[in-house]
Amino acid sequence: MSGCFTNTTVHHNIKKPPVITTQPESITVFGAEDILLTCEASGNPPPDFRWTKDGEEFIPANYSGLSVSPGSGTFMTTGVVSGPMSQYKGKYICYAHNTLGTAVNSIPTFQYAPAQQKEQKVKKKVEEGESVVLKCNPPFSTVPPVIHWMDERMHHIELNDRVTQGRDGNLYFSHVTVDDTRIDYTCNVQYLSARTILSKEPITLTVTTSNSVVRSRRPQMMRPSGTHSTYHALRGQSLELECIVQGLPTPTVQWVRKDGQLSESRTSRHLSDRLLRISNISDSDGGEYQCSVNNSQGKVTHTYTVSVEAAPYWTKEPVSQLYAPGETVRLDCQADGIPSPAVTWSINGKPITGIDSTPRRTVRDGALILRDVVFTDTAVYQCQAHNKHGTILVNTYIFVIELPPQILIADGQKYNFTEGQKAVLQCQTFGSPRPKVTWERNSSASLLAEPRVNLLTNGNLQITNVSHGDEGLYTCSVSNTNLSINADLDVLNRTVILSPPGSLRVQPGKTAIFTCLAQVDPKLTPPHIQWKRSGQELFQSFAEDKYTFEGPDLIVANVQTEDEGIYTCEVITNLDRVEASGSIIVVDRPDPPTQLQVSDPKDRNVTLSWTAGDNHNSPVIGRSLDPCIVTDEMDRRVFNGPEFHYKVFWRRVVGDTTWHSNVSTEPPYIVTEVGNFSAFQIKVQAANQKGEGPEPDPVTGYSGEDVPLEAPKNVGMVLLNSSAISVTWEPVNQKTVRGHLLGYKIHLTRFGSRGHHQGRRAREPETSVEVETGPKEEKRVLGGLRPYSHYALTVTVFNSKGEGPPSKTLSFETDEGAPGPPMSLLLDSHAGTEMTLHWTPPAQPNGVLKGYLLQYQIVKSDDSPMKVETIDDHKVTHLTLKQLDPHSRYRFHLRGRTSAGDGEPITREGATTLDGAPPSNISLSVGEKSVNLSWVPGQRQRSVGFQVQYLNKQDGGKWKQSEKLNSSASFYQLKGLTPGSQYRLKFTFSNNTFWETEISTKGAGVMDVRTGFATQGWFIGLVSAIVLLLLVLLILCFIKRGKGGKYSVKDKEEGQIDSEARPMKDETFGEYSDNEEKRTASQPSLCDESKLCTSDDNLHGYNNGSIAVTEVTMEDSLVSQYSRPSEATPDPGTLQDRSPLNPNTTTPTPTTNGLPNSAAILD
């Protein structure tokens, strides 16, 4: 058994290994007077100290001016230090050792700041509108200094969107103005820890005015430069991203996160938006950020890729303890970080790898295991975790010793608890080996057989849900010794509220009185009653006289609407507390109805409708309508005489023996003050001046219904379980119903959870349920109640007019139940074999949450066992699972636990290594002949390959494909593109396109000019043949004319011009048709119908007109082919068809005018 030092007053003579109590910190000094490295430790015997610097022994006393504080390892400057300060630079380790071992401190660094060198004066001369950087160059320090730019009067240089101070200390001017001219720009470097300020040499800046107008300039990045930069941020620290720019006019800066939203709570902007600070960095902050810079001349952007890493931190630290010879010791040492740190062990400051090995000592998964310990294993063991961001070290000792057992608790302790509480009887012991403790009660050996009784590891006895039957004398004994103590347990009655505050309905201006009468065990201290309204404590107000406390009563004077709410009384004693709640609802007389309308008239009735007024929290239980007697009006033809009228008779069916009567000239007749829902006999007799008509038979009718008068009596409730009750009541007297009994209504209201310590009741709204029953029912079971809740119920009777008054409010509490599922469960993994689960407690704990039960197993594995983790602390909301299979997917079930059992689970699936997926957010940076692709690889995702397909939309080429890209990389350059061209990009993964986009490469594009057919040799030959043929025809015409041949006028008018001799126009140039060929072939003669063989006038007109037009048209058309830009991108598959020799060529669309869309460049 192992043990700890638990009471130093008892063990002041026991030896104790050294323990570092004050760790040294890394420092930067500017002078000998700043030297101070602290190292304090405790132990018995008091430890001695020694230092090493950079692995070599360092004795401060050997250096003049340095001295060591007595009883510690701290050394400092106490005199004149000789020699250069550079001799003290290095890494220092302090060792504290005594006869039981050696403790080692963390590793501080000692830096010195070199003395300020004589600087040359800097003078800068620039023209107005240019950008300028004034450099500070502060001396190096492990802790960054604070930079202040000031003038010679120690006034700060004003910073704004044009003048910005960078994190490097330099002063940046986006552009300068004449007002920036001065001779005293001074950089002051403040080192807070050293309480030192260094003033640099003043800088002179002269701004000259330009003879010409100052030209505006588009924005450019000053810091950082370029278009992309990468940052590594440490979790928990802050990250600052700069965006310092030049330009005229002064550019504006906007920040966005390209792959998500900026955190509103943890991001802030400074220095006129030139600096974005992200505080308390978490893993979710990794990604891409961008600053966009704009002015009237253009825009520039810079992308920041942020990856989040972490310095080492402990997830489990070893504990120093006492051990007896022969025990097995396991020192667990686990650390986490990004990248994962390496864990190493040392013994008394010496690496374990350099110590003779022993089969009793092994290191596995960071844990040091030592079997069958002996006295010589007593030592201080160091566990060290290291990654590129730092080193952490923890000392823990193993003290192998034999000590006689002792009981640290005095004999005869008396313990008082109330019913239902958890009682703990103390019996802490000390010794090595650790004493074995046993408990007895009245010499009963079966004490621990009771499931409510548990023996804790520290020797204490715990009894849950204690009752009066647990009272008595308990004895704690140490086995194999005569050591024992007695403890007396007294169980008192729990405090009970007998008269809880009720639900009060109060009129404005009246007084409300709550009563909270409690029964308290006489052995307890007099109770204190604390009143609260909606969770806020109330205090007696003597000035306003609003709240008055009189014994168990709370008096609320002059109640108004703002006084509505839940009022809670909490009865507090020295051992327990209990609470109950009531409410105030302000009520008033309802407003009268408005917009009364009469509609849907029938023979004997009409429909009345109205708009109800505000009921002021007082439900309208009825509206008064005087009963009327309605009869059919007789036909005037049967009046049979003057003074016709009706005699109306009525009497109660019960109680009246005589008829009441009255006269009416027309129906209806209204009878008043007859009561509600009373049975009447009614008859109506016609009469005139001559007498009465025949007497009719009476009919029975009822006066109008009204709401019931009384509430059901003897309402009772029985708890069936934590979510169901049985409600009973006695039937009401039929006479009080004042109408047809339709049934009963049970009103059930929940006021919140009993768990006031969770702070939930003040936030939970009241929820009400109304259940209707039949008129003959006297019992109803209600289910679906929330366990561990405060409820109140009333029962009413109702008829067609509404409900009667409610029964007396019956308040009760439901028992604990199994909790609902946790509200959320998130899976997070930073290593291939670990998974951290984060959850939020159940929204419906349904009791006192005691902890959680986690079950998990590998998905789709029949032989994978279900593993179980029990969490006994309800405050724990995260758990890290180790040694998981990185190649498997797990299913996790998490349940809450109360005394009633395990609740419903929330289920999630996940793996430490995520399934591979292509990048989801790819950034493009386009150049002249290439495009840079960048993305943020998914953390812990398996690498997958994807490809880029690209097509030049202007050269008519085919789709090309890149090599296979690796998703774990973050950059790829797609080369071999044509400048000034438009490309379509497709990103494919597993033969599926997951993203498409278009880009335009930079540079002047060169249009490929395709050779038109007008420049082809065959076409020139064809034209030449046509001209030659025309000349032959002309000669033939002249010959025929010379023979006297004439053409009639009719022939000249009807003759058609040969299609080959027509003027050539843009819309027909280059076209070819089989129809034209056939039409030409069908002509009987070249001269029969041709205008070529006409009179001299016609021929002269042809020679001077058509030929000239033909030549001009040809020239214009040819020129247009070389000068006209491409108007549409041709389909690569159809380019070969655009030839006059292809008989299948379709007529070009108007947008191309029959021209080729591109042409070759002619030499």
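Backbone N, Cα and C define each Cβ position, glycine as well.
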Region 'Disordered' according to TrEMBL, located in which of 681-704, 897-920: 897-920
Feature contact check the domain 'Ig-like' (18-105) with the domain 'Fibronectin type-III' (821-916), CB under 8 Å, 3 or more pairs: no
In contact by Cβ distance (the domain 'Ig-like' (494-585), the domain 'Ig-like' (18-105); 3 or more pairs under 8 Å): no
Touch test for the domain 'Ig-like' (219-307) and the domain 'Ig-like' (405-486), at least 3 Cβ pairs under 8 Å: no
DSSP helix/strand/coil residue counts for the domain 'Fibronectin type-III' (711-817): 6 helix, 54 strand, 47 coil
For the domain 'Ig-like' (494-585), residues assigned helix / strand / coil by DSSP: 3 helix, 48 strand, 41 coil
